[in-house]
């Protein structure tokens, strides 16, 4: 793509960008693995170290550190380098006692023996009851457990992580203390190197039989090269006080046709991909059809109105005029709480910029699940740097409303939305801390977040606000009368509450199917990587918010109600109410959360997401209506 004379040409960049979007849409895995990250090559007998991640459960949504349970520990536990996103997600990646030699199979190998205390038994039983899973990582690949393939299905399916243990009908608890690993590798035909392309495990419970125990050279009659341990093949190991549990593993290496760039496919391909594709396309077609109908009606009606108004030449006809032109002297009158509106619009622009740039990075493959925490880190940092847009837009709007205290508005823009989010987040974090979960954000990370907010975001908001307030004020296309016009009584369907609630249905309809998959990835421990579709849905959401707001704003002005500023924001923003209502439906129909703390966490985080969605969609609707109103009043002759 580069030319010898001068690097990339514009048309090359356009072709590259178009190819990225098309590839991201056409494949759920995207066309790129992770730009800038090179694969690791291993030769025979090279050291492989398995790392352990958090214990996770979809029943409690509370992650725990692997060593919270009484597992075998290495001499020194070392945390791997973590980014901000990993910490916020509750990931705690540490070294373990599981070490392999590349392409060197090992039969049953004992790693340690643990005597279970009362506390350890209690913890194991609680985690088994809550269906906790152990997450491990080898060469950046999470461990998976193969599922039984459905009849007629050619595609193998996997579960993320293996269960801590299980409970039988006799009310006894059993621990999975033996792990049968299978490492898939892809050979390089031109060299002795190989790359790891799969990491599978089958957990088993076995009560090992042994004589005199030797810690330096542990052996057991049930753990040797002639015995194959599989689930149910031996007497299981019960979880009981003072019981000795022997932990063991075996590992096999298997050559695979899977290439390194495709090794994440098994994690990202969903079993219901056909339903997903059909639902998304169906939703987009309906929304596009409705948008086309709305646009056609608006264009025909508006052009007819403007033509009629411009033909009114004599004074008698002008006095008989009705509809939206009648309120031209009040339509640009500043709304009540105009400062608050400026703050919310500025915040919405900040959120819009963050969302758009994040999606562009995701489309290009930079936020692959292989880069754990990358998505969260990118969103936090982009939010911080987009503060300059928030300050600029809020101060420009404030100046248009003839405001003078721009510093006060700047402070509100910098602190209102982040302050509310942080207050909810701090409360939820305190609950997680009380549960001793690794999901609790440590003090150091909390300090870093404060530093990003106060040290970078707030100054950038002030910079943007200063630049925005220096710009000349936006001029209204028509003059505002000194005395406000009386608004006639409105029909029931034009009442603010009804119109606002009705306006949120269509934007929500554009995203609710995709929302199901996003919620599944967040709360059911799945990977989400269909960013191509998500980007298309985002564009459709923008178009839908804009058009529904314009239509309802037009009807409102035709009924001589000129209080459109807040109405425009709330009309599109009301889709957040439907999002939260859907979150309630999802909670009771799809999740198995029983703990009170877990329920509070779910609704707390969904409240944050809904609030952010309100700010985003409200701002889109406001700017669409703002453009529309200025356009139509600039198009007619006003005496």
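From the backbone N, Cα and C atoms, a Cβ is placed for every residue, glycine too.
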### Message
For the annotation transmembrane segment in TrEMBL, which listed range does it cover: 314-340, 341-367?
### Response
341-367
### Query
So what's near the transmembrane segment (446-469) in sequence-distant terms, Cβ-Cβ under 8 Å and 6+ beyond its ends?
84, 380-381, 383-385, 387-396, 398-399, 406-407, 409-410, 413-415, 418, 422, 429
### Task
May I ask you to check whether the transmembrane segment (341-367) and the transmembrane segment (600-629) make contact, with contact taken as at least three Cβ pairs under 8 Å and only pairs 6 or more apart in sequence counted?
yes
### Query
When you scan the chain for residues with a C-beta under 8 Å from the transmembrane segment (373-393), skipping those not six or more beyond its ends, what do you find?
82-89, 91, 345-347, 349-351, 353-354, 357-358, 361-362, 366-367, 410, 413-414, 449, 452-453, 456-458, 460-468
### Query
Residues of the same chain, at least six outside the transmembrane segment (567-588), with any C-beta under 8 angstroms of its C-beta?
341, 344-345, 496, 499-501, 503-505, 507-508, 511-512, 515-516, 519, 523, 545-546, 548-549, 552-553, 556, 599, 602-603, 606-607, 609-611, 613-615, 617-622, 624-626
